[in-house]
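K.L.:
Quick paste from Swiss-Prot:
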type	residues	note
BINDING	GLN37, LEU38, ARG39, ILE40, LYS41, ASN69, SER108, LYS137	4-amino-2-methyl-5-(diphosphooxymethyl)pyrimidine binding site
BINDING	ASP70, ASP89	Mg(2+) binding site
Amino acid sequence: MYQPDFPPVPFRLGLYPVVDSVQWIERLLDAGVRTLQLRIKDRRDEEVEADVVAAIALGRRYNARLFINDYWRLAIKHQAYGVHLGQEDLQATDLNAIRAAGLRLGVSTHDDMEIDVALAARPSYIALGHVFPTQTKQMPSAPQGLEQLARHVERLSDYPTVAIGGISLARAPAVIATGVGSIAVVSAITQAADWRLATAQLLEIAGVGDE
């Protein structure tokens, strides 16, 4: 039963681009995307604060669901829509502070054991990955594939879920067919020959999410 310890999110979050700059946040919001994540890696809080502030302001202007990856203190300070954390970040994060601030929480998982850990935290949504091989980041685990993804989605049938990892435009329909509520994409948009067209096509497949 979906009873998160954090504010809920729509069951279907739709197309969910993960990008590393405010410029991409603004472009994608302007293109009609309504769920997205700012993921800037390996910088100190003070180095990314201006970008976090700008991204949150854009998210508010477009009435979008903007998640901040990892920088949970800044997300709380500037009242982001939500925070996304990897498994390795859960132990080092003050989840009570995120909850008290009224922010949504998304958590990454890579197998059944990590899903158990995520469920214990009762987040707003659970990300399932990586579905396919990915060049975006180094992954210690093997790709799950569509069958494993479908099994996880079935297990979490009443929970908002996000598929991530190596999802291209060509693979997106098969991923959505598993019943997952959202697809997170990175290079499918940022490395596309025509990012506007790729975004429009992915929105056609995954939607903008439920209100």
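In case you wondered, yes, glycine gets a Cβ from its N, Cα and C as well.
Because the structure is a prediction, the values reported are computed rather than measured.
Can you walk me through where each of these features ends up in the structure?
P.N.:
ILE40 (4-amino-2-methyl-5-(diphosphooxymethyl)pyrimidine binding site) falls within neither a helix nor a strand when secondary structure is assigned with DSSP, and so counts as coil. Long-range Cβ neighbours of ILE40 (4-amino-2-methyl-5-(diphosphooxymethyl)pyrimidine binding site) (same chain, at least 6 residues apart, Cβ-Cβ under 8 Å): ASP20, SER21, VAL48, ASP51, ASN69, TYR71.
Counting Cβ atoms from all protein chains shown, ASP70 (Mg(2+) binding site) has 22 others lying within 10 Å of its own Cβ.
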K.L.:
Tell me the coarse DSSP state (helix, strand, coil) of ASP70 (Mg(2+) binding site).
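P.N.:
Coil, per DSSP.
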K.L.:
Fewest neighbouring Cβ atoms within 10 Å: which of the binding-site residues GLN37, ASN69, SER108?
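P.N.:
Lowest Cβ count within 10 Å among the binding-site residues (GLN37, ASN69, SER108) is ASN69.
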K.L.:
Here the binding-site residues are ARG39, LYS41; which one has the lowest number of other Cβ atoms no more than 10 Å from its Cβ?
P.N.:
LYS41
K.L.:
Within a 10 Å radius of its Cβ, which of these binding-site residues (LEU38, ASP89) has the fewest neighbouring Cβ atoms?
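P.N.:
Lowest Cβ count within 10 Å among the binding-site residues (LEU38, ASP89) is ASP89.
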K.L.:
Under DSSP, is SER108 (4-amino-2-methyl-5-(diphosphooxymethyl)pyrimidine binding site) part of a helix or a strand, or is it coil?
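P.N.:
Where SER108 (4-amino-2-methyl-5-(diphosphooxymethyl)pyrimidine binding site) sits, the three-state DSSP reduction gives strand.
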